[in-house]
Amino acid sequence: MTTQLNINSVIENAKRVITPLSPISIFAARNPWEGLEADTFEDVAKWLRDVRDVDIFPNKALIESAVARGELDESVFNQLVTDMLLEHHYNIPQHYINLYIDNIKTLKDVPASYMNHSNVDVVADLLLEKSKRDMAESYHHYDVRPMSDAIIDEQGEPLSEQVNRQMIKWTKLYIDQFLSSWTMPKREQSFYHAWLHLAQHDHSFTKAQRQVIKGLPNDPEMTIESVLTHFSIDQEDYQAYVEGHLLALPGWAGMLYYRSQQHHFEQHLLTDYLAIRLVVEQLLVGDEFKSVAKDCESRSENWFKQTVASWCYYSDMPSDVLLQHDVNEIQTFIHFAATMNKNVFKNLWLIAWEMTYESQLKQKIKAGHESVAGALDVNQVNVSENDNANQPHSVLLNDTQAVDENNSELNQMGTSTKAQIAFCIDVRSEPFRRHIEAAGPFETIGIAGFFGLPIQKDAVDEQFKHDSLPVMVPPAYRIKEFADRYDMNVYRQQQQTMSSMFYTFKLMKNNVMPSLLLPELSGPFLSLSTIVNSIMPRKSRASLQKIKQKWLKKPETKLTIDREFDRTSDLPVGFTEQEQIDFALQALKLMDLTEAFAPFVVLAGHASHSHNNPHHASLECGACGGASSGFNAKLLAMICNRPNVRQGLKQSGVYIPETTVFAVAEHHTSTDTLAWVYVPDTLSSIALDAYESLNDAMPMISEHANRERLDKLPTIGRVNHPVEEAQRFASDWSEVRPEWGLAKNASFIIGRRQLTKGIDLEGRTFLHNYDWRKDKDGTLLNTIISGPALVAQWINLQYYASTVAPHFYGSGNKATQTVTSGVGVMQGNASDLMYGLSWQSVMAADRTMYHSPIRLLVVIQAPDYVVARLLANNEHFARKVSNHWLRLMSVNEEGRFKSWI
């Protein structure tokens with residue numbers, strides 16, 4: 001029992017190095033380093049470089065591209081270098097320091113000739129011996145690695161590659177539930193037991209190895225303990241050793257981690273995986289592990305050689321000149337080179353890139369308010385002239401009268417604004433919102449796309465239930481979609497007919513004899529379909545939609561808003577009346593919409609349309625767990641239209657005029673159109689006028705928004721008909737980049753719309769409405785930071801990771817991806833499960849980046865004490881800031897910006 005508890009504890013702690021990976025059909029952005037944020041970004045970068053040879057800093061090419069495009073100001077970088085050098089004193093001639101800095105900051109690689117020079121070997125050996133004598137490890141530290149990493153096989157590759165191939169084979173067999181006709185035998189018992197049963201007959205193992213498998217314990221924890229003991233791994237190194245194995249295939253391990261969270265009977269899935277992996281490693285390594293002890297010394301020697309070569313190359317000090325110094329002087333030089341290594345300068349380049357963006361964002365806001373200052377009351381805009389090198393920009397509107405208490409009755413009637421449209425904070429909504437506001441008396445609002453509703457949706461047109469909220473939050477309620485009994489019966493029959501056709505096709509494809517006949521039967525139709533889809537993608541997609549609407553038309557549906565008793569549901573179905581009032585009130589507060597209601601309020605979810613795209617869910621709403629957010633929007637709108645809810649809101653101080661109507665639309669991000677999801681049958685005259693005005697303006701809005709968006713796609717030249725071109729891109733099954741998604745996301749602004757209204761933020765900013773004056777205790781701000789801002793940070797870091805380390809954190813080229821086991825994609829037929837974004841999602845061409853890999857900048861419009869209170873009360877967010885996983889800036893009522901570093 002003690003052993004079992006110890007191993008389970010080790011695995012529980014080791015899981016920090018991977019992230020749960022949901023199936024690709026419900027792809028949700030994940031921060032690959034969420035479990036590591038107790039350490040600083042810089043420390044994690046060093047650790048990953050040591051244990052997996054993964055560099056998470058932008059490389060030389062990315063830095064040079066950023067400089068060339070004006071995204072990175074070199075003077076900012078140079079100032080950072082100067083400041084860093086002033087903080088330390090080195091007993092080294094200044095000209096050597098200057099030469100070293102001037103050379104290493106270019107991020108040039110040290111030529112191999114320097115590493116191979118005999119004098120470098122002599123110096124490295126000298127320092128290694130001195131290190132042994134002094135028992136000093138001040139310059140370097142190596143984490144425990146799997147044994148198989150240190151052993152090279154006959155093909156010249158690490159033995160861990162053979163271990164990986166075995167684990168890919170077995171994990172694919174276990175996970176597959178959708179594609180294969182014959183699933184893994186005994187998988188219902190557990191992954192480990194199913195493997196034990198089958199591996200005894202696997203002839204990729206020798207007869208002796210199969211005998212070892214036959215004698216393994218039935219308990220996976222005991223197996224893990226046995227292998228670790230066999231390899232003579234110290235108990236204090238158990239976690240590091242297990243972490244190395246989890247990082248070997250983080251995609252497959254992440255998928256198992258996800259499944260262990262979803263089903264009680266699979267809660268020990270990672271334990272099973274590690275037991276199998278460690279046994280496979282033991283079988284393949286054999287007795288060679290005894291020679292691995294020498295690996296640490298050889299790595300130390302190699303580290304000294306690299307550092308000596310770096311000093312000689314960057315300082316322009318020949319190795320024979322270095323040898324003329326005494327050992328203490330040499331140690332000083334090498335200590336400097338170790339301290340001022342290339343990663344230090346990569347980090348400075350990254351910080352300079354982020355500071356440049358921060359400065360440019362300030363300038364945009366400042367310029368935006370200066371351009372309208374003449375048209376606004378002096379109490380609404382106050383642009384300070386006190387900008388200088390020692391003071392932050394002072395640019396903000398001092399709009400303490402923006403609520404306009406003197407005209408509250410006028411505002412309640414909403415006469416100046418015809419419609420208010422609440423969009424998801426998704427960066428793709430920013431340009432669309434800007435064009436809507438420019439088209440007429442329309443106001444836009446930013447809120448997370450799940451609209452604050454912690455629900456699991458059970459939609460009639462979806463096979464499985466879906467958690468329609470941020471993935472870090474468990475659902476608390478289930479909402480069912482239903483229709484009249486007759487309509488539902490007809491729809492179910494149509495669904496079953498369609499399903500049986502697809503099932504028959506799949507059955508024929510996966511069986512030997514029918515698969516020989518299938519090409520003859522389906523060939524002509526599929527060939528014609530291929531030709532039509534290739535030549536006329538937009539028309540073929542429209543035709544398919546018409547056929548679907550005719551033969552599988554979804555009936556008019558309702559939602560289970562009111563609480564229902566359902567003994568089959570593990571969650572409460574629907575809400576009580578008080579819960580409806582509470583959720584409506586919270587959502588309206590999060591939208592900063594508690595007064596001045598327009599006649600027509602639209603809650604706009606968003607969705608993306610693309611064809612033949614395994615990663616389509618990555619273009620959906622991240623706040624809804626990789627699905628469209630129209631369902632949540634419809635639920636909230638229907639609640640807000642209820643008289644009893646409005647009466648309850650009135651008692652809480654929120655009065656919604658009787659003439660105000662809530663409706664629902666969906667922003668299609670791939671075509672920049674607004675599709676109506678729910679419009680009440682009865683509209684007041686002024687609400688109807690607003691509805692018609694918005695509809696009349698939409699064609700022009702879509703054209704402008706599509707033109708702006710399509711201009712950024714690399715494969716498009718001049719666009720004469722942007723709406724048609726956008727629809728073609730969304731329909732073309734050969735298009736690898738139907739839209740840019742959330743690429744180039746860089747900031748998250750929490751504040752009043754007046755702060756950014758009319759300013760072109762280039763589709764790089766998440767915008768969330770917030771008024772600190774209405775949030776006396778900071779609860780709303782904490783909610784925004786803990787939910788929407790966290791989702792935005794996860795999205796940001798997933799794009800970041802997929803750009804800086806695409807081989808490890810990305811998913812490769814879409815053209816060579818293989819959908820596997822119904823859960824994800826691989827490159828070819830035997831790779832890790834690729835859990836990041838594809839190359840086409842972040843790069844414009846082979847050597848041209850599109851996404852700018854910088855950490856998220858969170859901007860809060862509030863006084864300093866409000867931000868300080870947030871950091872004091874929210875330790876999780878404060879840790880992200882202090883450990884450099886994101887950047888934080890605030891702007892107060894006087895318009896002064898402050899960076900919280």
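Note that Cβ sites are derived from N, Cα and C of the backbone, with glycine treated the same way.
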Same-site residue for Zn(2+) (record: Swiss-Prot; known: Cys424, Asp426, Cys621; options: His466, His606, His609): His606
Cys621 (Zn(2+) binding site): tally of other CB atoms within 10 A of its CB: 32
Cβ within 8 Å of the mean position of the Cβ atoms of Cys424, Asp426, His606, Cys621: remaining residues of the chain near Zn(2+): Phe423, Ile425, Arg428, Ser429, Gly449, Gly605, Glu620, Gly622, Ala623, Cys624, Ser629, His667, Thr669
Cβ neighbours within the same chain of Asp426 (Zn(2+) binding site) - under 8 Å, at least six residues apart: Gly449, His606, Cys621, Gly622, Thr669, Leu742, Phe766
DSSP state at His606 (Zn(2+) binding site), helix/strand/coil: strand
DSSP-derived class (H/G/I helix, E/B strand, else coil) of Cys424 (Zn(2+) binding site): strand
Site of maximum Cβ density within 10 Å, from binding-site residues Cys424, His606: Cys424
